[in-house]
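So that you can see what the record holds, here are the features copied from TrEMBL:
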TRANSMEM  28-54  transmembrane segment
DOMAIN    88-300  domain 'ABC transmembrane type-1'
TRANSMEM  94-114  transmembrane segment
TRANSMEM  126-147  transmembrane segment
TRANSMEM  173-193  transmembrane segment
TRANSMEM  231-252  transmembrane segment
TRANSMEM  279-299  transmembrane segment
Amino acid sequence: MAIAQKEILKKKASILSNRSKRGLGSTWVGWAFSAPAVVVLLLFFIIPLGYSILISTKDWPLLGPDHPTNFPTNYMKISDNELFINSLSFTVKYTAIITTILLTLSLGLALLIQEGKSRRNGILRTIYFLPVVTGLSTAALLFLGFLNPTVGPMTFIFNKFGMNPDWLGTPNMALTSTVMMMTWRFTGFYMVIMLSGLQAIPRDIYESASVDGSSRLSTFRFITIPLMKSTLALCLILILTGGMVAFEQFYILTAGGPDNSTVTIVMTIFRQAFSQFEMGAAAAMSVVLLLALVIMNILQLRLVRKDDSGDSR
């Protein structure tokens, strides 16, 4: 009996030893597969972020040899920078407009495709998604040609009706033209995300609501929207973040004009660094913008989780 117990204990020990060896091996395999992503994260995010924070604490001219520490002067000067304050106001305004349009339009198109016929759905989905293939800078250059006051197709069409809009010559028209371009460029992208969220909702729920006599509006309000919260939150975070860091579209279409009326926060940072050669001040603005984006996204995620926990109760 004692011999049998010893044999059992030996087998258990060997099994545990083999498991620990396999666990150690799988751990090394996991680290090996994760290493490239970790290296990329360090090289292109963590190290540049740390370096930017370091630069923001110094008087760092782009071409100067001396970099004395002047913390927190660069941060205190931000509130006195009139261009930064104006660009912040404009960026928030632009972000609010483009967020409202993209969310509404992409959700509407996704609903239309969801309810449409299968053959037509594939064609419409392809047509709506085609602009996404175009790069943002390419799309901006394309619209710059369309809106050309001399040979642009848009100008030609409106001239036929006796109208001659100055697409990029006034603050409101410059903003409107840029919003048009961004809507054309990104609606298809967010439509696909919305469509994936809609298709993830079980059809049984809609059938039960239909049997209970629920109207389309009630179904949309009490079924579709609540079950689309995670998808809507993802789109909202992406659109808000993209709006707050807008640069290429305004740099190409308006160059910040007319009269600096379409200068965004990132454009202000760019000018501070490469026109006025004040890298320290530009880095401080970048850090402030990053903190604002992090706080904004954390608040959004907490609100979504709070709503989800409330619904689950």
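In case you wondered, yes, glycine gets a Cβ from its N, Cα and C as well.
Within the chain carrying the transmembrane segment (94-114), a Cβ under 8 angstroms from the stretch's Cβ atoms is held by residues 121, 124-125, 128, 175, 178-179, 182-183, 186-195, 197-199, 220, 224, 232, 235-236, 239-240, 243-244, 246, 264, all 6 or more beyond its ends. Distant neighbours of the transmembrane segment (126-147): 109, 153-155, 167-168, 177, 180-181, 184-189, 191-192, 248-249, 252-253; these residues of the same chain sit at least 6 beyond its ends, with a Cβ under 8 Å from one of its Cβ atoms. Within its own chain, the transmembrane segment (231-252) has Cβ neighbours under 8 Å at 91-92, 94-95, 98-99, 102-103, 106-107, 136-137, 139-141, 144, 178, 181-182, 186, 190, 193-194, 196-197, 200, 225, 262-267, 270, 289, 292-293, 296-297, 300-301, 304, counting only residues six or more beyond its boundaries. If one looks beyond the transmembrane segment (28-54) by at least 6 residues along the same chain, the residues whose Cβ comes under 8 Å of a Cβ in the stretch are 283, 286-287, 290.
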